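For reference, Swiss-Prot has these:
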- Met1: N-acetylmethionine (MOD_RES)
- 61-87: repeat 'HEAT-like PBS-type 1' (REPEAT)
- His63, Glu64, His96, Glu97: Fe cation 1 binding site (BINDING)
- 94-120: repeat 'HEAT-like PBS-type 2' (REPEAT)
- 188-214: repeat 'HEAT-like PBS-type 3' (REPEAT)
- 219-245: repeat 'HEAT-like PBS-type 4' (REPEAT)
- His221, Glu222, His254, Glu255: Fe cation 2 binding site (BINDING)
- 252-278: repeat 'HEAT-like PBS-type 5' (REPEAT)
Amino acid sequence: MESNGSVSSMVNLEKFLCERLVDQSQPISERFRALFSLRNLKGPGPRNALILASRDSSNLLAHEAAFALGQMQDAEAIPALESVLNDMSLHPIVRHEAAEALGAIGLAGNVNILKKSLSSDPAQEVRETCELALKRIEDMSNVDAENQSSTTEKSPFMSVDPAGPAASFSSVHQLRQVLLDETKGMYERYAALFALRNHGGEEAVSAIVDSLSASSALLRHEVAYVLGQLQSKTALATLSKVLRDVNEHPMVRHEAAEALGSIADEQSIALLEEFSKDPEPIVAQSCEVALSMLEFENSGKSFEFFFTQDPLVH
C-alpha cells in the first residue's frame with residue numbers, strides 16, 4: 001500500500017507535468033519532457049492536458065500530444081480527437097496524428113468518424129491515415145471475431161503501430177517488393193515496412209532506406225520513423241539528405257531529424273545543430289528536442305521527469 005507521502009508526491013508530480021506541458025513560456029524541449037512523462041500516466045489529468053496540448057500553437061507539440069493519446073489507447077479521448085481531425089484550421093500533421101490515434105484506440109465506433117474524413121479531408125496525408133486506421137480497426141475486429149492472436153498487437157519496439165506486420169514467412173525480398181510497389185495499398189505497404197523493421201539486418205534496412213523515395217509523404221515519414229527505431233547508421237546519408245531537402249514535407253523532415261537524434265553520431269549532431277534554426281518550426285523544434293534528449297542521455301539523466309520528492313517549480 002502506498003504511503004500518504006508517496007500519493008501526495010505523485011499528485012504533485014502530475015499537476016506539475018500538466019502545467020509544464022501547456023506552459024507556452026517554457027522551452028519546447030521542457031514541454032516535451034512533460035509530454036513524454038505524462039503519456040506514462042493514466043486518468044483525467046494527463047488526458048485533459050494532452051487534449052489541450054493537441055491544439056497548441058506548436059504543431060510539433062500538438063501532433064505529439066495526439067500521438068500520445070493514441071499510444072495510451074484512451075477511449076475517453078475519442079471526442080477530442082474527432083474534434084481535432086475535423087478542424088480544418090489545424091495543420092495536416094496534427095489532423096493526421098488524430099486520425100492515427102483513433103485507429104490506435106481501435107474501437108468500431110471510430111469507423112464513421114474516419115470514413116467522413118477519408119472522403120472529405122483536403123490533405124492527402126490525412127486521407128491516407130484514415131485509410132490505414134480503418135483497415136487497422138477492421139483487422140482488429142476480424143481477430144476478435146475469430147478469437148485468434150492479433151497482428152496489431154504492440155510491436156517489439158513497444159509502439160502501437162498503424163498496421164500489423166506482414167506474415168512472418170514472407171522473405172525480405174518479397175517484403176521489399178511490396179514496400180516499393182506504388183500500386184499496392186497503403187496498409188499492405190505499411191505491413192511490409194513493419195515486418196522488415198521487425199526482421200532487422202542490413203538487407204531489410206536497405207529496403208527500408210530505398211522506400212524513402214516513395215511518392216507518399218505519409219509513407220516516407222513512417223519510413224524515417226522506423227529508421228529512427230532501428231538506429232542504423234546505414235541510413236545516415238539518406239536521412240541527412242531528407243533533412244536538408246527544404247522541398248520535402250515537414251512531417252518527413254521532422255521524422256528524419258528525430259531518427260538522426262537516435263543515431264547520434266558526430267555528423268548527426270552537427271546536422272541537428274544546423275537545422276535547429278530552420279525556418280520551418282516543425283523541423284527546427286524537432287532538432288531542438290532531439291539535441292536536448294541527447295544532452296540528457298550523455299549526462300546519464302532521464303529526459304522524462306522522475307521525482308522522488310516534490311518537484312521544484314520556480
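Any Cβ shown, glycine's included, is placed from N, Cα and C.
Least packed by the Cβ count within 10 Å, out of the binding-site residues His63, His96, His221, His254, is His221.
For Glu255 (Fe cation 2 binding site), the same-chain residues that are 6 or more apart in sequence and have a Cβ closer than 8 Å to its Cβ are His221, Glu222, Ala224, Tyr225, Gly228. Within 8 Å of the centroid of the Cβ atoms of His221, Glu222, His254, Glu255, where the record puts Fe cation 2, the same chain has further Cβ atoms from Arg220, Val223, Ala224, Tyr225, Met251, Val252, Ala256, Glu258. Report note: the Fe cation 1 site is defined by His63, Glu64, His96, Glu97, and the residues of the same chain whose CB lies within 8 Å of the CB centroid of those residues, excluding them, are Ala62, Ala65, Ala66, Phe67, Ile93, Val94, Ala98, Glu100, Met251. With helix defined as DSSP H, G or I and strand as E or B, the repeat 'HEAT-like PBS-type 1' (61-87) counts 24 helix, 0 strand, 3 coil. Spacing of Glu97 (Fe cation 1 binding site) relative to His254 (Fe cation 2 binding site) is 14 Å (Cα to Cα, whole number). Annotated pair His254 (Fe cation 2 binding site) and His96 (Fe cation 1 binding site), C-alpha to C-alpha distance, rounded: 14 Å.
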